[in-house]
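Listed in Swiss-Prot for this protein:
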- Lys7: site 'Transition state stabilizer' (SITE)
- Gly41, Gly42, Arg63, Asn166: substrate binding site (BINDING)
- Lys229: site 'Transition state stabilizer' (SITE)
Amino acid sequence: MKTIVLKLGGEIVHSPELDLVARDLRTLVDGWNRVAIVHGGGPQATALQKRLGLETRMVAGRRFTDEATLEVMKYVVAGRLNVDLCGRLLANGVMPVGLHGASGHAIQATRRPPRVMQGAGPEPVDLGLVGDVVGFNLPLLGDLFERRYVPVLACLGCDDAGQALNINGDTVASQLAGALRADALVLVTSTPGVLRDVKDPSSRIPRITRAEFERLVADGTISGGMIPKLEESFEVLRGGARSVVILGKLAPGDLEAAVLEPGSAGTVLVGE
């Protein structure tokens, strides 16, 4: 039995790839594997803000969240996307349970204090109603796993006073993987894994250790935005997860293979 945390971007919720994910999830859950899903909704939130005439303000790649933006996030992430995602999973034989921070305090958070952020100047930045994860309701998730339900967590946390807080979906997924001591955190992306040649999908690197990552950066194989993404993934391993899988451009069976046969699909990152 394995414990898997799956991170889905908002863009996949209404894509054909979701049905491939759902079918593999059913196979994994039928095999008594424990699966939790974390999803975001950034593109849909930005689109709704534009329709409503609201400014989308980004600071160092993070969304500034005022009261109006938080209302949009509630509607989009905890509302429409969570319901639509659960519906698609249900249609494929998976039994999902939609959750957010206020659902049994599933995602426990505190408001992030102002802090200096890389790329945002020397002064501390206040991101508004943005939260930092301080814990999860692990007994609740454990009960759902025992009954072969799949928790589907929208990336909204909640503090002890009941205030909803916007949290980056990758952050929620990474910290949940650590808290569960997950066998794998699977990041579904737009690429089939880490590539030696970004123009050649067949140049996928099946497995990377920390030492190999440093060598690939030094020789220029890994460059640009992939460097911080992989740095963050190796931090997840230090936080308690056993592996991180980068997976995309899915074919039938890819998710199942990536979890049960590490390296057979996507790229698996391991600590050593």
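The backbone N, Cα and C atoms fix where each Cβ goes, glycine too.
Structure with Swiss-Prot features highlighted.
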| residue | record | contacts (Cβ under 8 Å, 6+ apart) |
| --- | --- | --- |
| Lys7 | site 'Transition state stabilizer' | Ile37, Val38, His39, Gly40, Gly169, Asp170, Ala173, Leu185, Val186, Leu187, Val188 |
| Gly41 | substrate binding site | Gly10, Val13, Met73, Val76, Val77, Leu81, Ala154, Cys155, Gly169 |
| Gly42 | substrate binding site | Gly9, Gly10, Arg63, Gly169 |
| Asn166 | substrate binding site | Arg63, Thr65, Thr69, Leu70, Met73, Leu129, Val130, Gly131, Cys155, Leu156 |
| Lys229 | site 'Transition state stabilizer' | none |
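Between the farthest pair of Cα atoms in the substrate binding residues (Gly41, Gly42, Arg63, Asn166), the distance is 12 Å. Of the chain residues outside the substrate site list Gly41, Gly42, Arg63, Asn166, Gly40, Ala45, Thr46, Thr65, Met73, Val76, Val77, Cys155, Asn168, Gly169 have their Cβ within 8 Å of the site's Cβ mean position.
Of all the Cβ atoms in the protein chains shown, 20 others lie within 10 Å of the Cβ of Arg63 (substrate binding site). According to DSSP, Asn166 (substrate binding site) sits within a strand segment.
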